[in-house]
Amino acid sequence: MQRSRENFEKMENNMKRRLRVCVATCNRADYSKLAPIMFGIKANPDLFELEVVVLGSHLIDDYGNTFRMIEQDEFDIGSKLHTIVRGEDEAAMVESVGLALVKLPDVLHRLNPDVLVVHGDRFDAMALATAAALMNIRILHLEGGEVSGTIDDSIRHAISKLAHYHACCTRMAERHLIAMCEDHSRILLAGCPSYDKLLAAHKRDDYADIIKAWLGDDVKEQEYIVALQHPVTTDIKNSIKIYELMLDALISFNKKTLILFPNIDAGSKEMVRVMRKKGIEQHPNFQAVKHVPFDQFIQLVSHAGCMIGNSSCGVREAGAFGTPVINLGTRQTGRETGENVLHVRDADTQNKIYHALELQFGKRYPCSKIYGDGNAVPRILKFLQTINLEEPLQKTFCFPPVKECISQDIDHILETQSALAVDLGGTNLRVAIVSMKGKILKKYTQANPKTYEERIKLILQMCNEAFNDAVRLNCRILGVGVSTGGRVNPQEGVVLHSTKLIQEWSSVDIRTPISDALHLPVWVDNDGNCAALAERKFGHGKGVENFVTVITGTGIGGGIVQHNELIHGSTFCAAELGHIMVSMDGPECMCGSRGCIEAYASGMALQREAKKLHDEDSLITEGLSVKNEEPVSAIHLINAAHLGNTKADAILRTAGTALGVGIVNILHMVNPSLVILSGVLASFYEGPVQQVINQRALTSARSIRVVSSDLEEPALLGAASMVLDYTTRRTY
């Protein structure tokens, strides 16, 4: 009882004295969130004592000397700390954190606050939280638990781990903080403080005057764009490229644009250089500014035709007005957004950003209050009053699950992810645009030239034609896959030895000229392996761990898949199935040997036997005729057998037996669970092969299924699958 009475008296005394709250602001963005809280604290002098510390880019002329707006709001700035080391690169950010850590201890020791209020995910805020935590000063962190997808995430979560109390904006952020082991009793779901101001002020009557003041007398609401793009410090080179593409798209879109300079992060100097190189500051369609007061910025965003860039304002505050937003790159990946936000995460072309502008400009969306309802500040002030200064600072921990948020992405709206597939046959050269689902969207066919130079020239010409058509078909080409006859080194993209059907096609680097011309990744493999890959992704082999594909066409080829992976062999000669020998003294094969499967069962072998019968006048049967100009083919032999020609039937039975014996050998060597016959002769050979397996295979191998492929274009689909499998991160 005595101890309880003492604790109560301590709490009562704690409540009687004013809570000394230090608010530290580093830049224009965090001040927009902190100012409403500062006004609330200042309005309650009986409860709180306010101290203000200003540091970071507030004190730099290039970023607008924005500390002046704090003074204009009549706050007494207790300390101004020059903490920014100029250079705008990664090293400068690190040095700035170090400089802040050197200067902050004296200030915090002098002010001796009960609570330090820190906002967000800036490197300056990281220095503040580190100094305060090490000096045992309680920290209230605003906007923790959110996800954005860059280094800001790491900094934000690190500050959350240093902080003792949290005022978060969304239910999802609250769950993330709980999942990060933060004590639920110390987490306040407050909403965003800036929403208190913007929800109350965005319907001001003087918005037209504000638009005119910043954009000119002839600009009306919803006829202009607000652009605000910051560097991504973990990928500076790409973020500068995206910035350049955004500027190009805005120039082409030809609308009046208010563009704000980027923040002070590493890469901002290069962004400003790009802006000036393109003459944005002198361009008649652009108004380039360093800073806009928050209350006016609210009006400009609220009445814009569109906002573009990667600022958190686009995915947070803009939703409250239903303003259409285009979010570029990965800086805000993972943020909760309203339906007004269209993501262009892979902003790799000007055309894609331009399409997004066409989709979004001038639209209006339902207002979203994901980040607040306008009552965050009263909640935070009440939360501050509940802090018990006698309570230990040590945290407790728990580990609940967290659901992912799902958001809209422009790739799902505009483009079909696709591959360019190239098939080099002995007769024809074919190129196709193939979608992720294996649909051939467009196909091009030309006769295969006889010389290397002509062949490469035609491949590039056809690929360029397909690449241009892909834009019209709303396809995004991810890469090029090439299927060709012969032995191929797929690691180098080189055709080592080709078949006699494709002349001048040995020791050929096919990857380099295509990649150099199209600026796309290129994969190359032989046609047999490609047929197996096609079956693995789109055909009977889908989901089958071990199978063999046998091509029965002009030649005999195939591919072997073991444990879901294609087998190439030590010298890339695996799965040359057509050259399995089934007879010691059989007919001569094109490889120079004798008795190969291909010498018995290929289309060329059947054509050879058909010509022999025709020359002996033994091919023609009642119901079958061959015109004088018509070349004799394997089809004539098959038709003759079906019409009762015993000699033709005997040749086909021998061919079927040879193929069957070869496949029995394959079954005994690699023991697949499935054999897929592909090519023009597949359906004809299915029955004979199954019969030979039943007669000659080991008992344990006789249950293996033999099926004919359902794929119409296995070579093209297999070539495409090399590209498409890579995009889904499967190992090839």
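Placement of Cβ uses the backbone N, Cα and C atoms for every residue, glycine included.
According to TrEMBL, the active site annotation covers Asp527. Per TrEMBL, the feature Zn(2+) binding site maps to His579, Cys589, Cys591, Cys596. Feature annotation from TrEMBL assigns domain 'UDP-N-acetylglucosamine 2-epimerase' to 47-384.
Features per TrEMBL, on structure.
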| residue | record | CB count, 10 Å |
| --- | --- | --- |
| Asp527 | active site | 28 |
| His579 | Zn(2+) binding site | 20 |
| Cys589 | Zn(2+) binding site | 22 |
| Cys591 | Zn(2+) binding site | 15 |
| Cys596 | Zn(2+) binding site | 29 |
**Study point:** Spatial separation of His579 (Zn(2+) binding site) from the residue listed as 'active site' - C-alpha basis, Å
**Key:** 15
Exercise for review: Specify all same-chain residues, apart from the site residues His579, Cys589, Cys591, Cys596, whose Cβ lies within 8 angstroms of the center of the Cβ atoms of the Zn(2+) site, ordered by sequence.
Suggested key: Gly578, Met581, Met590, Gly592, Ser593, Ile597, Glu598, Ala599
